[in-house]
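Now, the feature entries from Swiss-Prot:
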type	residues	note
REGION	1-21	region 'Disordered'
COMPBIAS	1-20	compositional bias 'Low complexity'
BINDING	S27, G28, G29, R30, D31, S32	ATP binding site
Amino acid sequence: MSGSRATAATTTPRSAEPPRGLAVAYSGGRDSTALLHATLIAARDSGLTVHALHVHHGLSARADAWLAHCESQCRRWARRGLPVCFRAMRVQLACRSGDSLEAVARAARYAALRTLAVEQGVALVLLAHHQRDQAETLLLQALRGAGVAGLAGMPRSIERDGITWARPWLARPREAIEAYVRRYRLSYIDDDSNDDPRFARNRLRLQVWPALQAAFPQAEGTLADAARWAQQAAACVADLAALDLAACAATNDVLPLTAWRQLAPHRAVHALRRWLQQAGVTAPTAADLERLMAELPAGAPARWPLKGGELRRYRGELRFVPTPDATREPPAVRETTLALRRGGRYRLPGWGGVLVAERVRAGGVPAAQLAVLSLQPRRGGEQFQGEAGRPARSLKKQYQAAAVPAWARGGPLLYGGDGRLLFVPGLGVDARAMAAPGEPQLALRWEPLPTG
């Protein structure tokens, strides 16, 4: 696994409480420059502030100059009355043997963009990907042997980690963006890494694409159309897998194997893939899935190593157990309070995991009770009610009754401001704390932090 570390942040002068608005991922290249400029023009009379977010990877010797260019450009636009606020973050990439530099840099970039967006109080980040990017993505995924989900390419909009990532120009040809840049005489930088043949996308763009477009002039549009069809097909597969998992009474932590084995093979494999993703397995490979499909019905072995952890069968149930990260030093102090104001993923490194909150119509905790939460360890004597009308019992007995193994009982107990127990990792929401039907509410679940 790999990671990155934010080392510094640079910003133009701003008030202590910056106005809320939206953000644009701004590298300084042609596409993001055009998108930022167009967004500023559209926002000028709306009262919105547009936050230009720049990530300094340090991969190029010119990275400092690019940051300076982006900040200077935003200052010029601000002097012309455009509602821009520039923010930048430096990250240090940490690649390990076998890691893809492209993948590591991309993950670090999105993590930094999310951090910057949260700091500015915005929940919408615009990305400048266009139709050519989508066509290239489909080709790359096909060459990697991807399934329908990979062939779907990049979504036009997706919500992840409490942020909506949108690509408003995904159906726009590259030529239209080039024309926009010429029309407004926009200044942008040329990233020399785009000519580096070590990267697969660059080889495709520089060596394959010219020949492909010469032979098939409509390739960009038709490949993007194919990606849209694949997105619809992938959505159907995902919906069916979700229905199958619900029929199996699966949760994000547990897959009941007896019910799963009743599925037809072509449905079982997609249900298994979806469950693995929900359980926190990082991109299960085709070989992983083939092995599991062959060995799970046979009943042996009891453990399967996967990237980032291992699968374990326990009392007819399948669980994923992340591998402890020996390189991570646990914080000296655990988080003791938390405010959940909306759905999202809340990292709690002191407890070694992530609390996931999702808006639901039933089975959740009243949103009003989540404004002030107390996080506490097990001390003994806690009582948990699993179902309405059933007696509350000790956590030990509830864990045993639910067949939750010891290694799946980590994480904090969540108490409301009135001192009532609301949520227990591995067991869920206490029945006494559940919201009434129709009341705004959030479902909670606990996920161990990924390794690396």
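Residue numbers in this text run from 1 along the chain shown.
Including glycine, each Cβ sits where the backbone N, Cα and C put it.
Computed from a predicted structure; not experimentally measured.
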Note = Taking all protein chains shown into account, the Cβ-based neighbour count within 10 Å for S32 (ATP binding site) is 23
Residues flanking the ATP site, with Cβ no more than 8 Å from the Cβ centroid of S27, G28, G29, R30, D31, S32 and excluding those residues themselves = Y26, T33, A34, A128, Y188, I189, D191
Message = What's the number of neighbouring CB atoms sitting within 10 A of the CB on R30 (ATP binding site)?
response = 20
For the binding-site residues G28, G29, the one whose C-beta sees the most other C-beta atoms within 10 angstroms = G28
Ask   = Which number gives the other C-beta atoms within 10 angstroms of the C-beta of S27 (ATP binding site), all protein chains shown included?
value = 20
Inquiry  = Neighbour count, 10 Å Cβ-Cβ cut-off, for D31 (ATP binding site): what number do you get?
reply    = 22
